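So that you can see what the record holds, here are the features copied from Swiss-Prot:
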type	residues	note
SIGNAL	1-23	signal peptide
TOPO_DOM	24-571	topological domain 'Extracellular'
DOMAIN	31-173	domain 'C-type lectin'
DOMAIN	257-298	domain 'EGF-like 1'
DOMAIN	299-341	domain 'EGF-like 2'
DOMAIN	342-381	domain 'EGF-like 3'
DOMAIN	382-423	domain 'EGF-like 4'
DOMAIN	424-462	domain 'EGF-like 5'
COMPBIAS	497-517	compositional bias 'Polar residues'
MOD_RES	S618	phosphoserine
COMPBIAS	631-643	compositional bias 'Polar residues'
Amino acid sequence: MVTSTGLLLLLGLLGQLWAGAAADSEAVVCEGTACYTAHWGKLSAAEAQHRCNENGGNLATVKSEEEARHVQEALAQLLKTKAPSETKIGKFWIGLQREKGKCTYHDLPMKGFSWVGGGEDTTYSNWYKASKSSCISKRCVSLILDLSLKPHPSHLPKWHESPCGTPDAPGNSIEGFLCKFNFKGMCSPLALGGPGQLTYTTPFQATTSSLKAVPFASVANVVCGDEAESKTNYYLCKETTAGVFHWGSSGPLCVSPKFGCSFNNGGCQQDCFEGGDGSFRCGCRPGFRLLDDLVTCASRNPCSSNPCTGGGMCHSVPLSENYTCHCPRGYQLDSSQVHCVDIDECEDSPCDQECINTPGGFHCECWVGYQSSGSKEEACEDVDECTAAYSPCAQGCTNTDGSFYCSCKEGYIMSGEDSTQCEDIDECLGNPCDTLCINTDGSFRCGCPAGFELAPNGVSCTRGSMFSELPARPPQKEDKGDGKESTVPLTEMPGSLNGSKDVSNRAQTTDLSIQSDSSTASVPLEIEVSSEASDVWLDLGTYLPTTSGHSQPTHEDSVPAHSDSDTDGQKLLLFYILGTVVAISLLLALALGLLIYLKRKAKKEEIKEKKAQNAADSYSWIPERAESRAPENQYSPTPGTDC
């Protein structure tokens, strides 16, 4: 007994020490088999969950309107302790979260969120606004409330989803968090029948003097009498029998004959009856019975205490204190036979594709690219994305099971981030034409410069019909001596044009006519100036003049004579060309002359340098000194010779 008392005393003292730091920063509400605590603190959702978990709990759940009222009551107590200055809106984390990668289900009450402590989803929800359709980041839920207003049962705190925050940035307006602690049972509060002080220390290290229900394993510290006569007693809430929890004491505490029933109704829950000697006892009203603690009353109807949980209905057995629990549709009793749990209908695979279990039921969903088939929600059929009204493709669209793909016509390639658009291919970048290339939508066409026409292959160019009608030289007049002249057939123009892909700088071919006293010669002239070189090349068809004013044709065909105006134009163009040739020749001659001059000048300089070097090598300066004879000189004449 001494050991047990010492242990209780130690637990009480340690509990008071542990709870001292948190006493001014938390509020506690205990109902049913759970306790809720509200705390101040600007923390991220992960940090708040860690704080709750340290004491054996989790961030609070709000699965029903009744539970929402318990949480609101805890917040109301917390707001009485202190309120942040200049803060109107406050948010408090609860245990509702959605992991990264999970998406929003707008047709479900929980919107795809789940409770961190586990447990089935419920139909209750109280969203502040529509949930965001995001699957790429983790989202957490907090209770949002106006801190300037007193909490009212008709205005329960709303659910607000947001990012879960970090230690450095817990989130906008985050002021604290709520924890929930579950217990196997509760003890009734201890009753004081006389003056004294009562303090409870809970297993989650909260210290309070007023609880509607005290959780299992809590320690009660009772000090009776005045300060001079104070005596401390410790009591432990423990399970006496299965499902029955008791403090281990009988009757009211701190009873004093001096006060009797006048002080706190003698500590009795219902009725207090005084004896003639100053003693008193507790009693119960009709329909109730006194429990073993001799203070608390319980209904004789076993269902009066609502023993069935999880939405179960209690049905009493006639003429006995027994009862049975019945669950609503979609639920079943667990092993305790008093708690109803949801039936997971999806285990039987009732859906064609995706099955979503809901509280008390389920619903089917189709994969992306499918839709429900008619009135049967369980069946899914393929969605034809390629219908004319909804086709996402710019050109070709092919429907597949659950999806589709786009295609482009010949001459186009796929483009866009989602590969639904088509972009024209510029075929001219590959130089498919011998001359001109013109890109068009989905194709291209080749072209030719003036005077040429496209060959049957559609790529190269040939001389046009206007060239086939022009003579290689103008027709010549033959004088037969009778005063009449006859037309002499002329040669034809040469056939094909020298091939070149770059014809942008090609000049048109022009027939030139040169007349002289003895003959008239026609010179078909083609000039091409390359865009990559500065040389000029000529393709001239030359015809030999005749001696008597006649021209000798080189072919059998004859062509009609040119007009005088054509001849004048040809002469003028020939004059320009010959002038250009003469100018180029003069420039070449000038450059050649300059080169010869520079070479000769360099040669003369070289000869002068050689001569100066030979003369200088024969002489040197000799310092003055007295010598018997003059120094030898290799250029002095040798005695006996002339040199």
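Backbone N, Cα and C define each Cβ position, glycine as well.
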Long-range Cβ neighbours of the domain 'EGF-like 2' (299-341) (under 8 Å; 6 or more residues past either end): 32, 120, 287-289, 359-361
Within-chain partners of the domain 'EGF-like 3' (342-381) [C-beta distance under 8 Å, separation at least 6 from its ends]: 105, 107-109, 120-123, 328-332, 401-404
DSSP-derived helix, strand and coil totals, residue by residue, for the domain 'EGF-like 5' (424-462): 4 helix, 16 strand, 19 coil
Secondary structure tally of the domain 'EGF-like 3' (342-381) (DSSP, helix then strand then coil): 4 helix, 21 strand, 15 coil
For the domain 'EGF-like 1' (257-298), residues assigned helix / strand / coil by DSSP: 7 helix, 13 strand, 22 coil
